[in-house]
Amino acid sequence: MNGSRALHLSAWLLLCLLCSAAVARDDSCETCRKLVDRFHKGLENTAKKNFGGGNTAWEEKTLSKYESSEIRLVEIIENLCDSSDFECNHMVEEHEEQIEKWWFKMKKKYPDLLKWFCIETIKVCCPPGTYGPDCLACLGGSERPCHGNGFCNGDGTRSGDGLCRCEAEYTGPFCLECADEYFSSERNDTYSLCTACNQACKTCDGPSNEDCKECKNGWIKDDGKCVDLNECASEESPCKDSQYCLNTEGSFLCKECDGSCLGCSGEGPENCKDCATGYVLLAEKCTDVDECDASEQVCSRENETCLNTAGSYKCTCSEGFEDKEGNCVKIMEAENTEVTDGEMGTSASDINISNTAHEDL
C-alpha cells in the first residue's frame, strides 16, 4: 500500500513539474518578446543621439560611431526592463553576452533580433505557425495554421499541443467544418468559408428558412420552412396569472399586466380580463373608482380630507390640522413670538421681566 501511494505521489509530482515547465516556457517566450519590443523602442529613442562630449566628430572617429557603440547598447539595455519585472531582469542578466554578441557581430547578418535571440539562440520561442519544444508545425500547416479559421494552441511558443481552437463559425480538428447555425458557402481541401444560417435554423445548407435541416428551439417546420412557434397561442399560458404573453421571434416574453387588471390578455387597462379592486369597467376598460366622489362620505373624522389614489384612496388631516392620537387637531402657532422695540431689539418677555422686578422693589 505504501509503495502504491509513493508511486502515485511520484507520478503526480512529475505531472506538476511538466505543467510548470510548460507554463515557464510560455512565460519565457512572452518575456523575450517584450524584451525585444523594448529593445526596438530603445533604438528609436537613441536614434538621434551622439556621444554628447562636445567634439562629436573626433569622438565618432576615435571611439567608433555612436550608432553601433557600446555606450548606446548600455543605454538601451538599462531601459529594457522595469525594476519590478523579475523575469525580464533575470533574462537580461543571464543572456547579456548573447545580446552583446548580436549587437557587435550578428546584427547586420541577422537583423531580426526576435528570430535570432528568442527563437534560435536562447530557444524560448518558436517561429510563427509552430509550437512545442521542437517547434513542430501546427495543424493545418505552419503557413496557415488551422486553415486560417482558428488559433493553434502554443503558436510561436515552446509550449502547447498544436491543436486548433476554432472560431465560432468553424469546428473539427482542422477548423474546416461548419459549426451548428452555419453552412459551407465555399469549400476545398485547404479552404472553407462558413456563413450564418437563417435565424430559424439550427443546421442548414443555405441562407433561407427553406434551407433548414433542423429548426431551432422556438421554431417549427411548416410547409418545408422553419417558422416561429407562437407559444402565446397555446391554451395554457406560459406566464403567471398577473402577466400576459408577448410572442417574439423564436421565443416569448412575460410582461406584467396593468395595475387596473386582475389578469389580462395584453398591454393596458383595455385588455383586462377582470378589474382589480378599486377599478370598474367603463367604456371597455378598467377605470379607477373615485371613492372621494361617492355620495356617502368615506372619511368620517372631523377636519379630515379624502385623497383619491390609483385603485384606492387616503384619508388625511385637512390643511392646518395634524393627526394626534387618531384625531385631526389644529396646529398651534408658537406662543413666544418676540416683538422688537427700537434698534436695541428689546423683546416683550424682557419688558415683563423688568416690570416684575421693578414691582418687587
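Cβ coordinates come from backbone N, Cα and C, glycine included.
Sequence-distant neighbours of CYS138 (disulfide bond) (same chain, 6+ residues apart, CB-CB distance under 8 A): GLY129, THR130, TYR131, PRO145, CYS146, CYS152, GLY154, ASP155, GLY162, CYS164. As annotated by Swiss-Prot, disulfide bond applies to CYS138-CYS152 (among others).
All protein chains included, CYS164 (disulfide bond) registers 24 other Cβ atoms within 10 Å of its own Cβ. Here Swiss-Prot flags CYS146-CYS164 (among others) as disulfide bond.
CYS175 (disulfide bond) carries neither a helix nor a strand DSSP state and counts as coil. Cβ neighbours within 10 Å of CYS175 (disulfide bond), excluding its own Cβ and spanning all shown chains: 25. According to Swiss-Prot, the disulfide bond annotation covers CYS166-CYS175 (among others), on the basis of sequence analysis.
Residues or ranges marked as disulfide bond by Swiss-Prot: CYS292-CYS306 (among others). When other Cβ atoms within 10 Å of the Cβ of CYS292 (disulfide bond) are tallied across all protein chains shown, the result is 16.
Under the DSSP three-state reduction, CYS315 (disulfide bond) is assigned to strand. Annotated disulfide bond per Swiss-Prot: CYS299-CYS315 (among others), in sequence order.
Among the features that Swiss-Prot reports, disulfide bond is placed at CYS317-CYS328 (among others). For CYS317 (disulfide bond), other Cβ atoms within 10 Å of its Cβ number 20.
Within the chain, the domain 'EGF-like 1' (134-176) has long-range Cβ neighbours (under 8 A, six or more residues past its boundaries) at 22-23, 25-26, 28-30, 119, 123-128, 182, 187, 190-192, 194-196. If you look up Swiss-Prot, you'll see 134-176 marked as domain 'EGF-like 1'.
The N-linked glycosylation site annotation in Swiss-Prot covers ASN188 (among others), and the record cites sequence analysis as its basis. Residue environment of ASN188 (N-linked glycosylation site) contains 7 other Cβ atoms, counted within 10 Å of its Cβ in all protein chains. Annotation note: ASN188 (N-linked glycosylation site) sits in a coil segment as assigned by DSSP.
According to DSSP, ASN303 (N-linked glycosylation site) is assigned to coil rather than to any helix or strand. The N-linked glycosylation site annotation in Swiss-Prot covers ASN303 (among others) and rests on sequence analysis.
Residues or ranges marked as N-linked glycosylation site in Swiss-Prot: ASN352 (among others).
The repeat 'FU 1' annotation in Swiss-Prot covers 191-238.
Annotation comment: Swiss-Prot describes 251-298 as repeat 'FU 2'.
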Local backbone state of CYS138 (disulfide bond), from DSSP in three classes: coil
Listed in sequence order, residues with CB under 8 A of CYS306 (disulfide bond) and six or more positions away: GLU291, CYS292, GLN297, VAL298, CYS299, TYR313, LYS314, CYS315
Under 8 Å by Cβ from CYS166 (disulfide bond), same chain, sequence gap 6 or more: CYS146, ASN149, GLY150, GLY172, CYS175, ALA179
Coarse DSSP state, helix versus strand versus coil, of CYS166 (disulfide bond): strand
Under 8 Å by Cβ from CYS328 (disulfide bond), counting only residues of that chain that are 6 or more apart: ARG301, GLU302, ASN303, GLU304, CYS317, SER318, PHE321, GLU322
